[in-house]
Amino acid sequence: MARGLGAPHWVAVGLLTWATLGLLVAGLGGHDDLHDDLQEDFHGHSHRHSHEDFHHGHSHAHGHGHTHESIWHGHTHDHDHGHSHEDLHHGHSHGYSHESLYHRGHGHDHEHSHGGYGESGAPGIKQDLDAVTLWAYALGATVLISAAPFFVLFLIPVESNSPRHRSLLQILLSFASGGLLGDAFLHLIPHALEPHSHHTLEQPGHGHSHSGQGPILSVGLWVLSGIVAFLVVEKFVRHVKGGHGHSHGHGHAHSHTRGSHGHGRQERSTKEKQSSEEEEKETRGVQKRRGGSTVPKDGPVRPQNAEEEKRGLDLRVSGYLNLAADLAHNFTDGLAIGASFRGGRGLGILTTMTVLLHEVPHEVGDFAILVQSGCSKKQAMRLQLLTAVGALAGTACALLTEGGAVGSEIAGGAGPGWVLPFTAGGFIYVATVSVLPELLREASPLQSLLEVLGLLGGVIMMVLIAHLE
């Protein structure tokens, strides 16, 4: 027993160590960001204050309000001394206008310097990359992020969904559920909401809150539509496969269903065993009298095998649904990589590293779901390799689009409004309907603790990746 639990302990310790190091890195990064923000706020406040004092002193230096009024309005009139106080008030409003002009100029300078920094930070901007080099970089990066996780999958000591690997597989499934939920709520949905939030912040006035609710509401509806679509697909597949299963053993399934509602479940099972034994005796007597073997010996037991076969088919549906969601997700990753390489070689490399860090834990979770669905290790890896087609298609789409418009919108979170939230809905459905129920099986307290830690490890990984992005 101790030898069997060695691998789960090792995986749990590795996940906890990885999460702890990530939290330390995130804490240091957050401290630096806070220091930069405080320094920027102090610099901006001091500069604005000195400028405002200088302008206020300038308004007092004029002495007479009518001269400043004539400069502001462009005409000259005679004013008495009693009106000069009103003119000073106008001079104060002029100072406010000048301050707003300073803010606009400062924002323009900041934007210009930021753009210059981006060009200098990316050593190879898109004008320096010809078409062949651009395609080579983008497709090579896509192949890298698709093939790199397989080196990690080779190290996982899980060959199939067997009792010998059940404890480790349950921990990997919990890690997969945490990764799927974290990816949906911390990566896909926030990226889909980012352009809408920026749009509402840029609009002045108090009427933007109503106009900004439409796009945000559409993102939520697309998430729900993804959940409903995956539910409809799974029910349809189960209906097709279920009708085939009931044709083999309808009587056994019906009696077993009725027996599960009563409190005497053991009595029902013993009666079924007795009836099956009687049927076996009758069939053997018929075979002896006829001198042939028209009925197989395992005939009465076949409905039970058909029921198990139906359950296996139902489990494979969840694996295929997860592959469909992963295919759409890889398509968006390919769009982001293609658009980033159009913006520059440095930006493309940075985006590739970010997507790679995101894909490794995600592919480990997908592997666990496929193995739990009934696939062997080789079959699961082959099916995951097919999802790389989605990433290559996304990269090609971003490179073929004029100016990389579609790819840049997807990379920034805008894109077609249904891609990211619909994929998030699929991830939420797979995690909550297909994966989490498998973790509710009876287990030892230590195994349950490791499963909870695995789920938290998957969420923490997505938190760290979102922080790096």
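From the backbone N, Cα and C atoms, a Cβ is placed for every residue, glycine too.
Keep in mind that what you see is a predicted model, and the values were worked out from it rather than measured.
If you compare SER46, SER84, SER211, SER276 in Swiss-Prot, the phosphoserine annotation sits on SER276. Note on SER209, SER275: Swiss-Prot annotates phosphoserine at SER275; no matching annotation appears for the rest, which is not proof of its absence.
Swiss-Prot records pros-methylhistidine for one of HIS43, HIS56, HIS66, HIS73, namely HIS66. Of the recorded ranges 169-189, 214-234, 381-401, 417-436, the transmembrane segment (138-158) has the largest number of C-beta contacts under 8 angstroms with 381-401. Taking every listed stretch (214-234, 381-401, 417-436) in turn, the largest tally of C-beta pairs under 8 A with the transmembrane segment (169-189) is reached by 417-436.
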